[in-house]
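So the structure is just underneath, and the comments pick up after that.
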Amino acid sequence: MAIVGSGNISTDLLYKLLRSDWLEPRWMVGIDPQSEGLARARKLGLETTHEGVDWLLAQPEKPDLVFEATSAYVHRDAAPKYEAAGIRAIDLTPAAVGPAVIPPANLRQHLDAPNVNMITCGGQATIPIVYAVSRVVEVPYAEIVASVASVSAGPGTRANIDEFTKTTSRGVETIGGAKRGKAIIILNPADPPMIMRDTIFCAIPEDADRDAIAQSIHDVVKEVQSYVPGYRLLNEPQFDDPSLNSGGQALVTTFVEVEGAGDYLPPYAGNLDIMTAAATKVGEEIAKETLSVAGGTR
């Protein structure tokens, strides 16, 4: 398989893929001949190029799977080329050419999709919790607040805050299962940098089974921890009775934090780590499914 993009996210992703029992990174594709990511990939034994996607597509042997961490406009241009070449794509950009995937919630539904999108870091961290609640009770409204270290937010994130909030809000509804969703991102300027912290508010019926909701949240947290070990609850889910402050709804509030594995990105950049870890998880499940359908074993 190939990694398209040679920046920080692609480099962190490379280290995760090299540990995988199911995925074998062979190529890294960039556009900057001086890229540190390409240099690292070469030292680790990958074939590299600074000539872009067209170079990859011109190779006599092509990858089965591409992970792309470039930009939305680059991926929108490349996606039809991948599909024409029979290459599956996992998209870590905001392009959203294919369906958005949150592993605990809807990965199984999209294992045969030619192109899947990893939505946003805030989505990967918070939508699993909304999903955990909505599979137990109806959630008329959910709101997530994602706080990330300012130094971990690159120019792309800063230029696309509105896109982040809209995309994540939509995912809270369509994947998380809330009737209505809202997302807020906070760039925390603290120094030393703070790890990613998220707050998830879900409106629930007054007579909801609180024990069942709490258990569902714990189950989903364990599922996320299977691929993001630094994902954890800060405390037990908090339940509040209906009040004027909550619009007359009962609430469950969940606090999580995400510490990165420190493969290449620093541990405080859990917002980026959860994207590369989730993408690796999706790639592994696609590989397992492909082998299963083909009748093979690994």
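Even glycines carry a Cβ here, placed using N, Cα and C.
Look at Cys121 (active site, acyl-thioester intermediate): DSSP puts it in a helix. Non-local contacts of Cys121 (active site, acyl-thioester intermediate) by the CB criterion (under 8 A, 6+ apart in sequence, same chain) comprise Ala146, Val148, Met196, Asn271, Leu272, Ile274, Met275. Residues or ranges marked as active site, acyl-thioester intermediate in Swiss-Prot (evidence: sequence analysis): Cys121.
Mapped onto three states, the DSSP output places Asn160 (NAD(+) binding site) in coil. Taken from Swiss-Prot, the feature NAD(+) binding site applies to Ser6, Gly7, Asn8, Ile9, Ser152, Ala153, Gly154, Pro155, Gly156, Thr157, Arg158, Ala159, Asn160, Asn271.
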Given the binding-site residues Ser6, Asn8, Ser152, Asn160, which one's Cβ is surrounded by the fewest other Cβ atoms within 10 Å? Asn160
